[in-house]
Amino acid sequence: MGGELESASRQIRSGHLPVDGVVDYRGRPVFSRSTYGGWTSAFFIIGVEVAERFAYYGISSNLITYLTGPLQESTASAAANVNAWSGVSMMLPLLGGTLADSYIGRYRTIVVASLLYVLGLAMLTLSAVSPALRPTEWRTNVYLQRCLPTQYQTVFFFFSLYLAAIAQGGHKPCVQAFGADQFDENDPEECKSRSSFFNWWYFGMNGGMIFTFLIVNYVQEEVGWGLGFGIPCISMALAMVVFLVGTRSYRYCLLTSKNPFTDLAQACTRPFRKLQNQPKLDAELLFHTCSLYRAAEDWYDSRGNEEHKGESSPGILRLFPIWASCLMHAVVFAQSSTFFTKQGSTMDRRIGPTFLIPPAALQSFISISVVVFIPIYDRILVPIARAFTGRPSGVTMLQRIGIGLFLSIASIVVAALVEMKRLRTARDFGLVDLPNATIPMSLWWLVPQYVLYGASDVFAMVGLQEFFYDQMPDGLRSLGLALYLSIFGIGSFISSFLVSAIDRASRNNGDSWFSNNLNRGHLDYFYWLITGLSSAALIFFLYFARLFHYKSKIKATV
């Protein structure tokens with residue numbers, strides 16, 4: 001211990017300052033940028049995200065098919081359940097981020113969440129393979145017949161499903177924040193790398209999702225749900241192993257001494273009081289010898305005033321208008337794994353004489369679009385924009401988000417037009433009252449709406465991730481990414497509410513917009529409603545974006 005402190009003291013006296021606010025796996029200040037953190041550590045963490053997203057979407061992307069199939073729920077009920085589960089999955093990161101930032105630390109939170117994740121997925125697999133836990137089924141000459149699931153079977157399935165959601169609540173905000181922690185925002189080169197990290201993070205995430213849509217969805221529908229749920233479980237177990245392998249190379253942020261909700265309460269009361277004294281970062285938290293106090297304290301004091309200025313002046317509440325105006329983008333996102341999939345199930349899915357594309361596999365076009373567009377954006381568009389604006393990222397974060405919101409509206413407009421054509425085709429061929437008949441309209445008609453949404457992800461999703469990480473106080477960045485995820489949680493709840501309310505209202509006048517026979521429904525009306533609400537939300541976003549002021553270290557305007 002004494003030798004390590006003496007070495008740290010010599011480093012500081014010789015002018016080699018430690019990386020601000022982080023330590024290595026043994027709790028020592030980080031002096032070597034090449035040994036700890038940077039892209040080497042980030043690639044471990046990106047690898048974890050690839051495997052985790054593979055597991056998560058292995059469940060969520062085809063969940064509506066399982067609910068309307070083995071569990072025999074109606075289309076509207078299944079869509080509401082998928083939206084509710086997705087909403088909970090995206091809201092729980094608020095709790096996970098709070099625990100990580102204030103009590104446990106990001107690394108420990110990720111490890112605990114990974115263990116729960118594997119347990120939840122293992123139980124989900126068991127619910128699909130155990131004769132006692134899955135609905136009884138038998139095959140006639142024509143159809144596969146199933147008994148209704150018992151209450152015990154339903155409860156066990158949903159308990160397993162929500163256990164995975166709880167685990168995701170701790171895993172999701174912390175992994176991305178932990179990855180961004182590997183880059184020092186005060187170093188010009190690492191700051192540029194951190195902005196690029198968010199792009200490649202999303203690239204890797206969608207790479208994992210492509211394999212889900214192309215492999216797992218096919219296995220679930222053509223081989224069996226037991227193996228279809230088991231593969232994501234194995235993937236999550238491998239993700240935990242990969243994460244633990246990189247333990248010695250990571251940079252670890254120091255825990256904040258305050259609860260995040262204390263900061264939020266202070267932000268609410270700040271207009272009514274004056275803070276006369278700003279606290280200084282205590283060097284004793286890092287160093288425990290008198291010889292080290294003076295060198296470290298002088299440096300941390302010079303950083304402390306700047307840091308607290310970024311925390312106390314803008315506050316947390318200034319992010320909420322942007323947060324609220326992006327909720328309709330999340331409602332559009334919710335349709336890609338529910339009604340887009342149900343649309344595809346009624347269309348011609350053949351490739352060749354025998355192969356049928358699983359409807360959920362079309363979601364891979366979102367990920368393929370992201371994988372194609374991100375290198376173009378990061379390596380071509382950003383340098384061009386940088387030449388004109390002089391900004392390291394080319395455009396501001398809010399400009400990037402705004403472009404993404406516009407593209408998501410274009411996606412739902414295309415979805416409405418395609419659904420109108422699908423309904424017209426069903427009428428022209430006399431298939432309106434034949435819900436199990438295949439409509440002679442190729443599944444590829446749905447591809448443009450998925451591609452447009454994938455392009456919107458490159459701008460909106462990545463922009464929101466960077467925005468809520470960058471603009472939060474330094475010690476609360478897991479909570480910042482949890483706020484970003486909560487957009488999609490609330491969006492799923494809004495979608496669920498809209499579906500339930502419209503289903504009840506439209507059913508009184510005949511067939512519901514979400515009739516089990518989609519040929520009698522009107523998904524096109526629902527898509528046009530979302531288009532109108534999303535357009536209004538975009539107008540509000542542009543207004544609030546014009547008024548927004550970035551943290552003082554970022555000299556940017558919208």
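Every residue, even glycine, has its Cβ placed from backbone N, Cα and C.
So that you can see what the record holds, here are the features copied from TrEMBL:
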TRANSMEM  110-130  transmembrane segment
TRANSMEM  150-167  transmembrane segment
TRANSMEM  200-219  transmembrane segment
TRANSMEM  225-245  transmembrane segment
TRANSMEM  316-335  transmembrane segment
TRANSMEM  355-377  transmembrane segment
TRANSMEM  398-418  transmembrane segment
TRANSMEM  450-469  transmembrane segment
TRANSMEM  481-502  transmembrane segment
TRANSMEM  525-545  transmembrane segment
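Listed stretches 150-167, 355-377, 481-502 were compared with the transmembrane segment (316-335); the greatest number of C-beta pairs under 8 angstroms is found for 481-502. In this chain, the transmembrane segment (525-545) lies in contact with the transmembrane segment (398-418); the count of Cβ pairs under 8 Å, excluding pairs fewer than 6 apart in sequence, is at least 3. Among residues of the same chain six or more beyond the transmembrane segment (525-545), those with a C-beta under 8 A of the stretch's C-beta atoms are 321-322, 324-329, 331-332, 335, 339, 398-399, 401-402, 405-406, 408-409, 412-413, 415-416, 419, 498-499, 502, 513-514, 558.
Distant neighbours of the transmembrane segment (200-219): 46-47, 49-54, 57-58, 61-62, 176, 179, 227-228, 231-232, 358, 360-364, 366-368, 370-371, 374-375, 378, 454, 457-458, 461-462, 465; these residues of the same chain sit at least 6 beyond its ends, with a Cβ under 8 Å from one of its Cβ atoms. Long-range contacts of the transmembrane segment (355-377) within its own chain (CB-CB distance under 8 A, at least 6 residues past either end) are made by residues 57, 61-62, 65, 199-200, 202-203, 206-207, 209-210, 212-214, 217-218, 220-222, 336-337, 340-345, 349, 443, 446-447, 450-451, 453-455, 457-459, 462. Sequence-distant contacts of the transmembrane segment (150-167) (same chain, six or more residues past either end, CB-CB distance under 8 Å): 56, 59, 63, 71, 85, 88-89, 92, 113-117, 119-121, 123-124, 126-127, 133-135.
If you look at the transmembrane segment (450-469), the same-chain residues 6 or more away from its ends with a CB under 8 A from one of its CBs are 176-177, 180, 195, 198-199, 201-202, 206, 319, 322, 326, 329, 332-333, 336, 340, 362-363, 365-370, 373-374, 377, 393, 397-398, 400-401, 403-408, 410-411, 414, 477, 480-481, 483-484, 487. For the transmembrane segment (225-245), same-chain residues at least 6 beyond its ends with a Cβ under 8 Å from one of its own Cβ atoms are 44-45, 47-48, 50-52, 54-56, 58-59, 62, 66, 70, 110-111, 114-115, 117-118, 121-122, 124-125, 127-129, 134, 212, 215-217, 219.
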